[in-house]
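My questions will all concern the structure given below.
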Amino acid sequence: MVQLDDALQDAYKKVEREESLILGAKAMVASTKNPEVKRRLESNIAVSENNIKYLRERIDALKVESGSERESQSDKDSSKKYSDSAKSTNSDDHLLSYNRSAFDLFNSEKPLSPEKISTMLQHLQMRLSIEQQCVSGIEKIMSLYSKEQKDKTDVIIKLKEGKQKVNLLKRSLKRYNELHIPFDISTPSSEEKQQASGLNFRGLAKPISGTLKVTIHSLRNIEHTSFLQTHSFTMPSYAVLYVDDAQVAKSRISQTDTWDETFIFDVHRAKEFQIIIYEKKKDFDIPIALILIPTTIIAEELRRKRNIQEMSETSWKPSIAESASRSDEKGSKSDPINAPNSSSSISTNSPLAPTAYYKLLSKSWLSLEPVGQICISLSFSKRTTKRQFPETGLGRQGAIRQKKEDVVASQVGHQFVQRQFYQIMRCAVCAELFSYSPGLQCENCSFVCHKKCVTKVLASCIAQSNSEKSDFGGLRYRIPHRFEPFNSLGAQWCAHCGFFLPLRRKDCFKCVECGITCHGQCAHLIPDYCGMSNDLKHQLLTELEVSKRPKKPELPNQENKTTNEKVYRKPLSSQNTFDTLPTISQGLLAATQPVTSVLNTSPLPKTPEKDRSLNVTPSSSTPTPASVLAPPSSASLSSSKDANRSVPESPRREKKNRVTLDDFTFLAVLGKGNFGKVMLAEYKVNKKFYAIKVLKKEAILKNEELESLKTEKHVFEVANKEKHPFLLNLFASFQTSTRVYFVMEYILGGDLMVHIQRQQFSVKRARFYGAEVCLALKYFHENGIAYRDLKLDNILLCPDGHIRIADYGLCKENMLLGNTTSTFCGTPEFMAPEILLEQQYSKDVDWWAFGVLMYQMLLGQSPFKGEDEEEIFDAILSDEPLFPINMPADAVSLLRGLLTRDPNQRLGSGPKDANEVMAHPFFASIVWDDLYNKLYEPSYKPLINDPRDLNNFDEEFTSACPTLTPVNTVLTRQQQECFRGFSSFATE
């Protein structure tokens, strides 16, 4: 690793070089009479001056880092002031970087930065490796057309064009390398700040589909081949547009580098957009400049500008409203329920920020490689399906859960799953590159290889125990690698995980003996085979395996026959080995043995009824049923025998221990989600109403949701344990041959989504609901439960005006302090950044969702908007929420604390958990014990005329017919065994 003093010395040398270039260019300007040469030299002088400015800024930063420079007292004060303000809240960094994006990497009018230089070096290095492989392939093709002159001429032209592109990319890399200082100013959050600023290529090649509109206006400072010639006129040029290396448009030929031409074309799963400038020649046209932009960055930039446009049209700002009156703050502290100015919504004097899609065309000067700029206008309309929510306000969104990936192969402990990679990867076995294509990755240690190379994998997985680790077939070759840190300035890939090694990384290592490179965290996973190629290793091991293979014993009376068999017997091939690898059903056998054993079991005979109740005896630990759910009388059973008859029960079984589908009459559909639906039902025994959640067994088994079902039932038991006032309680659960049922208390007021769509909540009302939700989350977290699906749809409003949290389908248990998980699940608008980044996360994701919930209740819209899930995810990872200028400061402070991307800095993330949120000034005067005991009088109570009145529920659901759809699938006995013990009853 380059030391600080070496980095400073290198920076000084680069400044001296740029100054020398300026002096030489000025001398040439004074001596030449060619106007084209003068223009080009003046442009070079401006570029060098800009480079010197950047290098001096880097030198100052390095000096501050080393402490070698003594600043003046005024500089210290200003620097300390900035540092203190930055430490006061980490959201300030996000606010300063709100107008920065990955598109700035290509904008020639944006200043240079270390992030831009390092990222462009990586981007160009990867592109250079592709072009070099293309040139190598063209050279091989040219040898095939040695006898066909016409085809050979075309190949020669392509070869020259490819070599010219390689030269252009090498010149660009040289230019950025001359500005790159190989020293990373190590701060604890340097990578996080870079990610927060948007100056990174997250999801570089994520494909997008839609309509792209490009207008090419003009060029400037382009370097024509006539630059060194005596004549003053420039050669004609034209632009060619490519999408994923396929030509989609071509401009006319221009002598003045001006076009003003517009091109509109559809793209399907496009990854990269290119513009190449060609100069017209007699023999063949020469590429003189190019620009390569990932299509995702174009779509993201237009979405970001749309949000900026919304800010300019409204009085919303991405910062705290410093002008908020202190009277509001004092009022909120005196009485949070009846505070002055809190009876009306915040948006009364401030219009809601528009959410309609805004098609924006903007002129931008983008940097060409290696020199020059191009002025273009871009517009992109994403191809989307039906909108997920209305143009304004809020709408319902279903939760999502990522299904477990299929294990397609197992080798020496690795559990390989198929992954689609959208960048250039390198196989850790054969060392060949593959891009934009699927490969295999170990879900435990991230080892990457081709599917064809899986049988050649020799390195054991780190998840494998020492007793199970392979001894590499007895190959006694143990020479460890000599890894040393190095600066990755070229195209380098990790020898284990196959990813491209980023530039300016402090944890990149290279073996000084054999030259392989890897990440620091991957070095200990590489086997000790320094100096030996993988092909040689595999060949040696194959020969050892053949030599150690036991010979088949020969029978005395079949000597000749056995001899002939040995002559024609073939060795075991790698293909046969791959074919015998376990399938997904075999790989998951241990986890779901009763389910997967269906293959060896004959199905049960099909019954003529739609649903038959199963006689499931509650376990010994199941409480006795409550009186409210007493079993129906014989008269009741006889009156309902014509509707849905139960399976005849053994006389020895007591009927009081059963509740069946025949005991309920379904009246209406109350809700529907991705995992089931909820219906209103009347219990025939006592004529009381209950909400019954219905789930299909087939879907549970197919989606591997059996553990989630058990967790949901256990969370109901936790909620019932103390009869928490703000959690939905369970009264019973039962099952039929095709479905499982949760019998829950019926909340007549509907959910908050219906009420907020009818009327915007006031600050008083939002604070009241938020405080009760906070107590519910506190109870969950104290019991080690992460809720993970907090949203308005899952908060029910009781007739007395208090709330209940429902739907425990995404809950995660054993989430006490320090425990984490990585399941990708939740509702898109409420998912925390760490979930989207597929990182390990804790129960702190609930506080991010709580921040989104409070934002929606206070302002009537979501803080992160988008046309589809991908745009919403991009907004969560890069955008800053907007606040009206009249919003109280304590409310903004609460939202900013909750909507902090760093989970370690998020409000509520510490060991105090909910107590930290409850202590915030926004809830300062709430007496939490009184709130828990429902001593506060709610400001709003839903209007309920009759228990059958469905006016407080969404008409989209209530208009549906309350029937159970037929299920034709018949589950086996082993599959039914998976649901043993599900039926239970609650206690009073």
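Each Cβ is built from the backbone N, Cα and C atoms, and glycine gets one as well.
Here the structure is a predicted model, which means the values were calculated and not measured.
Straight out of Swiss-Prot:
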- D789: active site, proton acceptor (ACT_SITE)
- 107-182: domain 'REM-1 2' (DOMAIN)
- 189-315: domain 'C2' (DOMAIN)
- 64-93: region 'Disordered' (REGION)
- 313-348: region 'Disordered' (REGION)
- 545-572: region 'Disordered' (REGION)
- 598-655: region 'Disordered' (REGION)
Looking only at the domain 'REM-1 2' (107-182), what are its DSSP counts of helix, strand and coil residues?
60 helix, 1 strand, 15 coil
On the three-state reduction of DSSP, what should I expect for D789 (active site, proton acceptor)?
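SS state of D789 (active site, proton acceptor) = coil.
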Tell me, what is the mean pLDDT of the domain 'REM-1 2' (107-182)?
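Average per-residue pLDDT within the domain 'REM-1 2' (107-182): 83.
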What is the Cβ neighbour count of D789 (active site, proton acceptor) at a 10 Å cut-off, with all protein chains included?
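The answer is 24 other Cβ atoms.
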